[in-house]
Amino acid sequence: MTTSPQAADHADQDRPGAASNKRVLLAKPRGYCAGVDRAVITVEKALETYGPPVYVRKEIVHNKHVVETLRERGVIFVEETDEVPEGALVVFSAHGVSPAVHEEAERRSLRTIDATCPLVTKVHKEVNRFAREDYDILLIGHEGHEEVEGTSGEAPDRVQLVDKPEDVDKVTVRDPSKVVWLSQTTLSVDETMERVDQLKGRFPDLQAPPSDDICYATSNRQVAVKAMASECDLVLVVGSQNSSNSKRLVEVALQAGATDSHLIDYAEQIDESWLDGVTTVGVTSGASVPDVLVMQVLDFLAERGWGDVEEVTTANEKIAFALPPELRKDLRDNPNGPKGVR
Ligand code: SF4
């Protein structure tokens, strides 16, 4: 456990309650991952380069604050590409889209920028590879999640979704020696392995993905919250209800020993009754959450006596992804920096 200079600065401020035994454990890593950072900058750069309106299919990332901020700057969020005027510019979200969506955009002569996270694209490529080799693919993920829809759409006749434990019994395969499991990138690591064990009970020759599908950011944030959860009476996870990796952090915190845990979009959503009898509050945030929202939660807690902030560091992330090539090309003529939703 280490205290970062940033957290120390925060703690050094003259906050009420700093001398009591009330304290905050602040998880690191938390917040923005490389895929979200890239997707948000992609939309900001598109606004600067081409001017509003810029259409975005689905929420660019699953965070209310980010979506609202971009909407104010001239982004129009749509559910499907048929809502985008012919010939207009549309950005595909970090969660990825199926080939059918690309084809429809082409039919309608839309200009597209694909902000799919490269780690989601990696899973799409795995689906294509195993489908080509005639495997049955068992995709562990949450039904209805955009990422799962995009990934399944790469080979709909070969992919079966396994969401809940009872789904394992429903799976049917053509050849039990040619079955592979893949997964959504933002699942609980532990729950996914439980599902894999269940599947192995039915298919002993089940193959694993060539490399982890659950991404580094999802697993790092779960490791960090696990490291502090048993010391926390309450863990506050900043993130939106439709953010899979944020919701998993609440579950992981509770499983790892936190007495109570809640998912909140903003500090104002904290119910003061949650703090009754609490000494240690854990704070973390999902991979689509700008850190400004976490700082507002720390301010809220400090005003109520939890001014002592200790950062719990389990990994230092240095990953960054290049912007989509279709945008990079146009940026050479318009190299202004992004303003950033931070
Ligand atoms: S959570 Fe993982 S897969 Fe999703 S955008 Fe971030 S890095 Fe990419």
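Easy rule for this one: first residue shown is 1, then count along the chain.
Cβ atoms here come from the backbone N, Cα and C positions, even for glycine.
TrEMBL annotations: computationally assigned, not manually curated.
What TrEMBL lists as region 'Disordered' is 1-21. Per TrEMBL, the feature [4Fe-4S] cluster binding site maps to CYS33, CYS117, CYS215. As annotated by TrEMBL, isopentenyl diphosphate binding site applies to HIS62, HIS95, HIS145, SER243, SER244, ASN245, SER288. Under the heading dimethylallyl diphosphate binding site, TrEMBL lists HIS62, HIS95, HIS145, SER243, SER244, ASN245, SER288. The (2E)-4-hydroxy-3-methylbut-2-enyl diphosphate binding site annotation in TrEMBL covers HIS62, HIS95, HIS145, THR185, SER243, SER244, ASN245, SER288. Positions annotated as active site, proton donor by TrEMBL: GLU147.
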Those same-chain residues, other than HIS62, HIS95, HIS145, SER243, SER244, ASN245, SER288, found with Cβ within 8 Å of the centroid of the isopentenyl diphosphate-site Cβ atoms are VAL61, GLU147, THR186, ASN242, SER246, GLY286, ALA287
Among CYS33, CYS215, all listed as binding-site residues, which has the most CB atoms within 10 Å of its CB? CYS33
Nearest by Cα to SER243 (isopentenyl diphosphate binding site), of the binding-site residues CYS117, THR185, CYS215, is THR185
Any idea what the Cα distance is from HIS62 (isopentenyl diphosphate binding site) over to CYS33 ([4Fe-4S] cluster binding site), rounded to a whole Å? 12
Hits among HIS62, HIS95, THR185, i.e. binding-site residues with CB under 6 Å from ligand 1, come out as THR185
Residues flanking the [4Fe-4S] cluster site, with Cβ no more than 8 Å from the Cβ centroid of CYS33, CYS117, CYS215 and excluding those residues themselves: ALA34, GLY35, VAL36, ALA94, LEU119, VAL120, THR185, THR186, TYR216, ALA217, THR218, ALA287
CA-CA within 10 A of SER288 (isopentenyl diphosphate binding site), subset of binding-site residues CYS33, THR185, CYS215 in residue order, equals CYS33
Tell me the Cβ neighbour count for SER288 (isopentenyl diphosphate binding site), meaning other Cβ atoms within 10 Å of its Cβ, over all protein chains shown. 32
Which of the listed binding-site residues (HIS62, HIS95, HIS145) has the least company, meaning the fewest other Cβ atoms within 10 Å of its Cβ? HIS145
Let me know the most crowded of the binding-site residues, choosing from THR185, SER244 and counting other Cβ atoms within 10 Å. THR185
